[in-house]
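Shown next, in structure tokens, is the structure this report addresses.
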Amino acid sequence: WGLMLVLSVAIYGSHAPLLTLCKVDGMIPFSSTSVVVLVELTKLMFSLLFLLTWNRELLGVAVSWRHVAPFALSALLYAANNNLVVHMQLFMDPSTYQVLSNLKIVSTALLYSLFLRQRLSMRKWLALFLLVAAGVSYSCGGLQDPGSPSKMQLHVTLVGLLLISVYCLISGLSAVYTEAILKTQALPLSLQNLFLYFFGVLLNLIGYFWSSTEGGFLEGFSSWVLVIVVSQALNGLIMSVVMKHSSNITRLFVISCSILVNALLSVTLFSLQLTLLFFVAVSCIGLAVHLYYGVT
């Protein structure tokens with residue numbers, strides 16, 4: 001568990017720096033939908049490999065459509081969220097998105113408490129709101145480029161606010177719904193992952209062809225993109241283990257703790273500087289972990 005969670009924190013934290021390393025003349029040279037398709041395909045291949053290696057006896061087991069169908073909705077929710085992230089950028093600047101997207105912590109916790117009937121104490125709610133505060137603090141200026149103005153300008157339209165609200169709702173719903181399926185079914189995780197990622201590949205391929213441009217599927221790809229694809233696929237598999245055997249709350253803490261890795265890589269690779277808001281964010285995360293897991 002410790003190794004998996006530390007690895008997941010490292011992958012979450014390295015995602016944004018890896019994307020920056022992929023940029024050419026300040027622009028992402030590849031199709032984000034192509035990357036999503038490849039990530040889903042890689043997860044599908046890993047799931048099939050796990051099934052053939054450790055659960056080969058399940059290959060002859062009769063599976064009802066009632067086991068398979070729920071994963072189609074789960075994949076649809078994830079695909080909708082991935083596309084929504086792209087469209088939201090038209091109605092707000094990236095900084096505003098980074099700040100407001102932290103609200104998905106609240107939406108996930110609310111839906112987790114409501115649909116999975118997991119009553120959270122006031123202390124635990126306080127811990128989760130501290131995670132939101134940590135994310136907002138870090139997004140508002142935890143890192144600073146010495147050569148750019150330090151003042152942060154936020155801009156969002158009314159449509160942008162509506163879209164970010166829908167995004168946070170779908171983000172929480174997809175995570176909680178998937179956790180519910182994984183836990184209520186008696187099937188092994190490798191088989192459940194096979195169903196989920198099959199629909200993930202199918203739906204994202206449809207999305208790719210629906211919105212495809214003149215560029216090729218692998219246009220603009222580099223070795224860094226390959227690292228992103230493999231790491232994100234591995235992280236998806238780890239998160240499925242977390243949701244099957246732990247909870248979405250653990251996933252939220254992993255994502256928040258990834259701030260530390262993100263800051264370390266950003267300072268090392270891009271010579272960015274830590275600000276007071278970074279240490280505020282770290283303090284909030286430390287206190288949140290103590291309140292949620294450490295106090296009895």
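Cβ coordinates are placed from backbone N, Cα and C, and glycine is handled just like the others.
What TrEMBL records for this protein:
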| type | residues | note |
| --- | --- | --- |
| TRANSMEM | 32-51 | transmembrane segment |
| TRANSMEM | 58-79 | transmembrane segment |
| TRANSMEM | 99-116 | transmembrane segment |
| TRANSMEM | 125-144 | transmembrane segment |
| TRANSMEM | 156-182 | transmembrane segment |
| TRANSMEM | 194-211 | transmembrane segment |
| TRANSMEM | 223-242 | transmembrane segment |
| TRANSMEM | 249-270 | transmembrane segment |
| TRANSMEM | 276-295 | transmembrane segment |
Contact call for the transmembrane segment (32-51) against the transmembrane segment (276-295), three or more Cβ pairs under 8 Å: no
Segment-segment contact (the transmembrane segment (125-144); the transmembrane segment (249-270)) at 3 or more Cβ pairs under 8 Å: yes
Cβ pairs under 8 Å between the transmembrane segment (249-270) and the transmembrane segment (99-116), at least three: yes
Same-chain residues near the transmembrane segment (156-182), Cβ under 8 Å, at least 6 residues beyond its ends: 70-71, 73-74, 77-78, 80-81, 84-85, 87-88, 91-93, 96-97, 100-101, 103-104, 106-112, 115-116, 189, 192, 196, 240, 243-244, 247-248, 251
